[in-house]
Amino acid sequence: MQKSYVKGFFTFILLLTSLGGHAQRETIPLLDGWKFHLGHSNDIQKDFGFGTGTKLQFAKLEPFGHGSHGIPSTSLTFDDSKWETVEVPHDWSIGLPYDSLQNPEMGNRYGYKPVGREYPETSIGWYRKKFNVSEQDKKKIINLRFDGVFRNSMVWVNGFFIGRNWGGYNGFEMDISDYLLFGKENIVSLRVDATLHEGWFYEGAGIQKEVYLIKSNKVHIDNYEPYITTTTLPNGDVKVAIETNVINEDFEDCKVSLMIQVLDPWGKEVVSDVSKLVQIPLKETLKVNQKVIVQNPKLWTLSETNRYTLVSTLKRGEYIVDQIRTKFGIRSIHFDADKGFHLNGKRVQINGACVHQNFAGVGSGIPEAMHYYRLNLLKEMGVNAVRSHYPFSPKMLEACDSLGILVMDETRATGSTKESLEQLESMILRDRNHPSIFMWSMANEEGGTQRNSIGKRYMRTMVAHTHKLDPSRRVTAGVNAWGSKADYGFAEEIDVMGFNYSLEFIDQYHKDHPNQPIIGTEVGNATVTRGVYALNSEGIKVEDGIGGYYTPEGDFEENKKFDQHIAANNVKTNSSAYNAVKFYASREYLAGSFLWTGFDYHGETWPSSYPNNSSQFGAMDIAGFPKDIYYYYQSWWTDKEVMHIANHWNWEGREGVEVPILIHSNADKVTLFLNGKKLETKEMKPYDYLLFKVKFKKGTLKAVGYKNGKKVSEDKIRTSSAPHAIRLMPNKTTLKANGKDMVFVRAEIVDKKGIPVSLADNEISFEVEGDAKILGAHNGNPSSYELGNSSSRKAFNGKCLVVLKAGNSKGNIKIKAIATNMQRETLVLSLE
């Protein structure tokens with residue numbers, strides 16, 4: 001029954017009935033005031049007596065005891081005053097010292113941080129958090145929700161063991177209602193074991209995502225929220241279908257009705273509906289299906305991220321007992337085997353980037369504001385979609401919804417076992433209302449099973465399970481390592497074929513499977529170090545075979561010595577960034593691709609090894625500074641007028657020596673000038689770059705771009721003198737005084753004339769005055785062993801980043817940058 005005309009009257013009735021004393025749900029963030037201490041996997045004393053005591057912990061339902069080891073760390077009366085106070089998201093491993101003696105295989109994978117089987121003293125972490133619940137909450141259902149803890153976690157409340165979660169990327173909830181002290185202080189305790197890894201990359205350790213306390217009445221809407229799908233009708237209106245699970249956790253049957261209201265992006269109600277009065281038996285769940293029509297809808301697009309709000313109001317008798325507000329977008333998605341991907345009926349080329357959940361200063365514990373910062377850097381480059389090897393956090397997905405970035409949401413637990421399917425299901429149920437998610441991914445490079453009958457069988461099960469939970473989206477997987485046609489394996493079970501690299505097989509696969517859409521799930525390595533260049537491959541510390549230090553951004557001679565190291569600079573290889581972009585842009589049947597990766601990340605140092613502790617695949621380094629390849633993507637993935645000279649102009653001692661100058665631009669023609677003198681003009685082909693050879697002479701090298709004979713872009717590099725000062729460049733000058741906002745300040749070393757000193761490595765110390773704190777600093781150096789959560793850092797090739805988090809008090813904050821024998825710099829920002 002659709003009733004858009006009763007809005008005013010019904011809203012008035014809702015207000016009256018809500019006064020009946022049935023308080024609605026509360027969702028309370030538990031982010032601040034956590035206490036943390038390292039435990040120990042072998043030493044009982046250092047693990048607070050865990051696992052000992054006469055009260056056999058799992059034999060009886062009693063608070064855990066620790067025998068002769070004193071008050072247990074799970075007890076409310078345990079003294080944690082000497083523990084560290086932290087905020088979540090939190091990654092304890094990022095603050096641990098590097099271990100250069102670590103097993104090379106493990107060190108290369110996980111970035112030489114001491115976490116794992118060989119490090120019992122730093123692989124266990126204990127968390128404690130005190131909170132209050134009122135006497136009025138006695139009749140409530142109270143859940144703890146963890147959006148992600150790495151890795152194996154055990155949870156206690158007031159000493160009682162509540163449950164465990166094995167897995168570092170799936171969120172989970174636990175009902176703690178029966179173990180609370182109402183009207184008093186309570187304690188939640190976690191023992192987190194990060195000994196075992198799930199990936200081949202740095203994963204961090206700890207409560208890496210947000211935590212919430214959720215209070216609801218015993219009759220309530222499922223915490224996964226209603227499932228919303230939209231269908232465009234022939235006249236342009238949209239049918240919105242809502243599926244809501246109503247749960248009766250009371251000890252008696254009850255009658256309920258469900259009202260839904262759809263609010264437009266500006267908060268105005270556009271349509272509503274009220275279900276029939278229905279009875280739910282005690283301890284049962286009722287599924288309520290409703291449909292409404294939204295006229296003249298405002299679509300969610302990549303440029304206009306319109307989102308509607310579904311207000312679901314549950315009444316038990318005459319009283320409101322629950323209300324949930326769920327954001328959703330109205331948009332259509334479609335894959336075509338010949339025409340690629342379509343959003344709202346228009347073809348969209350997926351220009352995507354794979355990204356890992358770690359960043360400078362914080363490791364894998366990324367706060368909400370940092371998601372927006374990273375995604376905006378990607379958008380500036382031209383990225384319109386992201387992917388990883390695990391589900392993104394809810395805060396990351398909210399940012400993608402808000403900014404207009406598509407998401408390929410991927411499960412970490414591939415397979416058809418109970419645990420794998422449970423993790424897959426929790427990801428889909430949690431994430432399926434996000435308009436940014438355009439497909440689900442089941443796997444990534446499952447080399448042991450992707451080409452055989454076992455993989456084919458479990459993939460069929462996973463796909464069927466996914467379609468049941470969400471029939472509105474297609475399913476893919478990242479597949480690599482091709483052979484004969486007989487080896488297609490689970491590729492034929494997924495809706496959209498996902499290719500990791502393997503450009504040479506794609507056209508043939510399309511011919512063999514003309515009705516299956518194709519997307520590049522992973523392409524185009526760019527294995528380079530920001531700001532490092534080579535002249536004929538001299539002076540770069542990269543050895544034959546495995547090993548290395550820096551890899552150059554300009555090995556333009558394609559020296560065979562480096563072929564195995566620098567795929568991005570060897571345009572003959574099918575995994576190069578240049579070849580991948582050209583390949584996918586030239587084939588309409590391909591939906592697009594995801595470059596590996598948007599940012600460098602901790603761990604997975606291949607093809608280099610120690611002393612590298614982070615990857616170098618990114619279009620940006622780990623601190624978010626663009627590498628030269630960033631501007632190649634920006635040239636062809638955006639409408640910006642781009643001109644970038646890929647080199648510096650500080651080749652002292654090499655006067656008269658030819659320097660390779662790579663130009664990234666989307667201009668029709670590019671002309672070089674040296675100290676005002678015109679050198680050479682070259683034409684730019686689509687999806688290409690230009691290479692000049694210029695004899696070095698101190699001064700200014702300038703590149704000018706032209707379209708239709710008119711100047712449209714310009715870039716220049718200049719010879720600098722000695723370091724003199726620090727230039728501070730914040731991403732914004734006003735912060736919200738909410739305890740959550742962040743500012744990212746780029747520090748650049750310049751000479752007396754303000755020219756960047758491109759090779760400077762001076763150490764910079766940062767100080768802050770006012771209600772803000774420094775989370776960390778980083779310079780993007782893949783071989784730096786300075787701790788990321790410190791307030792000082794050496795510059796790397798002239799640059800450094802410091803990250804600050806705002807407090808709650810309004811006023812000014814001052815950021816000071818100090819370096820020896822250099823002019824100090826002070827930046828003043830506003831907290832409002």
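Backbone N, Cα and C atoms are what each Cβ position is placed from, and that goes for glycine too.
Over in TrEMBL, the protein carries these features:
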{"type": "DOMAIN", "residues": "81-215", "note": "domain 'Glycosyl hydrolases family 2 sugar binding'"}
{"type": "DOMAIN", "residues": "219-331", "note": "domain 'Glycoside hydrolase family 2 immunoglobulin-like beta-sandwich'"}
{"type": "DOMAIN", "residues": "338-415", "note": "domain 'Glycoside hydrolase family 2 catalytic'"}
{"type": "DOMAIN", "residues": "418-535", "note": "domain 'Glycoside hydrolase family 2 catalytic'"}
{"type": "DOMAIN", "residues": "656-712", "note": "domain 'DUF4982'"}
{"type": "DOMAIN", "residues": "726-827", "note": "domain 'Glycoside hydrolase family 2'"}
{"type": "SIGNAL", "residues": "1-23", "note": "signal peptide"}
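Residues in the domain 'Glycoside hydrolase family 2 catalytic' (418-535) partition by DSSP class (helix H, G, I; strand E, B; coil) as 48 helix, 27 strand, 43 coil. Secondary structure of the domain 'Glycoside hydrolase family 2' (726-827) per DSSP, as helix, strand and coil residue counts: 0 helix, 55 strand, 47 coil. DSSP assignment over the domain 'Glycoside hydrolase family 2 immunoglobulin-like beta-sandwich' (219-331) gives 0 helix, 70 strand, 43 coil. With helix defined as DSSP H, G or I and strand as E or B, the domain 'Glycosyl hydrolases family 2 sugar binding' (81-215) counts 19 helix, 55 strand, 61 coil.
Per-residue pLDDT, averaged over the domain 'Glycosyl hydrolases family 2 sugar binding' (81-215), rounds to 95.
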